[in-house]
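See below for the structure under consideration.
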Protein chains: 2
Amino acid sequence: MSTVMSGAKPRAVVLLSGGLDSATVLAIAKTQGFDAYALSVAYGQRHLIELEAAARVATQLGASAHQVMHVDLDVVGGSALTDRNIAVPQSPSTGIPVTYVPARNTLFLSLALGWAEVLGASDLFIGVNAVDYSGYPDCRPEFIQAFERLADLATRAGVEGRGFRIHAPLQYWSKKQIVEKGTELGVDFAQTVSCYSADDEGRACGRCDSCRLRVEGFIAAGIADPTRYA
Amino acid sequence: MSTVMSGAKPRAVVLLSGGLDSATVLAIAKTQGFDAYALSVAYGQRHLIELEAAARVATQLGASAHQVMHVDLDVVGGSALTDRNIAVPQSPSTGIPVTYVPARNTLFLSLALGWAEVLGASDLFIGVNAVDYSGYPDCRPEFIQAFERLADLATRAGVEGRGFRIHAPLQYWSKKQIVEKGTELGVDFAQTVSCYSADDEGRACGRCDSCRLRVEGFIAAGIADPTRYA
């Protein structure tokens, strides 16, 4: 593999929410030969149970480290995920959903970029998916490409000629393909939580946009859904 | 002013560190007719006294709100400003200094962008200065331009055709010009703290890079330096 340097594996920072997609991305990064440093962000989200799921997934898949960083996005609100006065929809929505968190992926990638510089890593992985989540502007390929350009201008590493690569391996995949790939790579999906309104035991509501897409993914893949529902 | 809408002033988010530069930027934003929302970031920096300075500056200059957001960048370290094991230099440095915080301005602008979306603001102000701080990659004009492009791709507002403007009014100014403009606009520089190693009373060391540039600015402007030195 061209990115392996002098025997040591190259490092990569992998954004890990604790959901199905980012768990699969972590498994992909490992398969590609990276020493994976998993980063989760506690940003005042309702579904804190995700962070416990992220810790389990990081351990299960052999991440070299799992770092949780805290940002109090809830002080500005503006999303059903960070503001308890905005309800999480229980039926499909069109357009940009109220679960959109303003500038979330820009923030997540900024945190990943800073940690990557400290680690000497040139590779960042993020589980965005433009097909399923076309409503989120910061999941689009053009956003990811723009961030990759920004990263080279923003950092010491970029100035010194070591550019960054933002990997978004799920970008054009269906949920079916993600479930299939994760299963093939040994991801224990029972450990993951995708639901926007999971209860304190991590049981999913089965009705929100995120649950619906996940359920449909398992059905389409013909793989038994290990998710625990409330 | 073309940006004033139907009687109400347009809102702008102004990144406010509590130092001389960002205080001047806040005054400039007000002069340009904006309702200024000041944003300070507690990111584990040594000089927390800056945040108290920021609160005083926001009040003195009539910001409509002052929000402090918290991010624990100190958990990854990598900078003399966030890692107490790395000393702040007491003499001029060349190249990218150890006070460089990996991806800091990318992070700050991400937080400002998210708040701006919630506020319905299209304008962000940041006090970067490519002349004095040429060692910091994320103070360069090309970085600011790249972030402006990213902001339009990253957000609901961008998708809906309301683009963002990133204002960096100090970009090409000398410290002398900044001191002169701030003085002209009524900034009380005695309230600001620029020092990387200020003591608990906010008294400056007078020796770090940041102090040195500030001292030279007041001398060049022929304006009495109100800074309290330890």
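Any Cβ shown, glycine's included, is placed from N, Cα and C.
Caution: TrEMBL annotation is automatic and unverified by curators.
TrEMBL lists B:C205, B:C208, B:C211 as Zn(2+)-binding residues, and of the candidates B:C139, B:C195 the one it assigns to that same site is B:C195. Here the Cα atom of B:C211 (Zn(2+) binding site) is found 14 Å from that of B:G18 (ATP binding site). Of the chain residues outside the ATP site list B:L16, B:S17, B:G18, B:G19, B:L20, B:D21, B:S22, B:A23, B:T24, B:V25, B:L26, B:A54, B:V57, B:G127, B:T192 have their Cβ within 8 Å of the site's Cβ mean position. Least packed by the Cβ count within 10 Å, out of the binding-site residues B:L26, B:C195, B:C205, B:C208, is B:C205. In sequence order, B:S40, B:I49, B:E50, B:L51, B:E52, B:A53, B:A54, B:A55, B:R56, B:V57, B:T192, B:V193 constitute the residues six or more apart from B:G18 (ATP binding site) in its chain with CB-CB distances below 8 Å. The binding-site residues shown are B:L16, B:L20, B:S22, B:T24; of these, the one with its CA atom nearest the CA of B:C205 (Zn(2+) binding site) is B:L20. You'll find the Cα of B:S22 (ATP binding site) roughly 14 Å from the Cα of B:C195 (Zn(2+) binding site).
Across the structure, B:L16 (ATP binding site) and B:C195 (Zn(2+) binding site) are spaced 15 Å apart at their Cα atoms.
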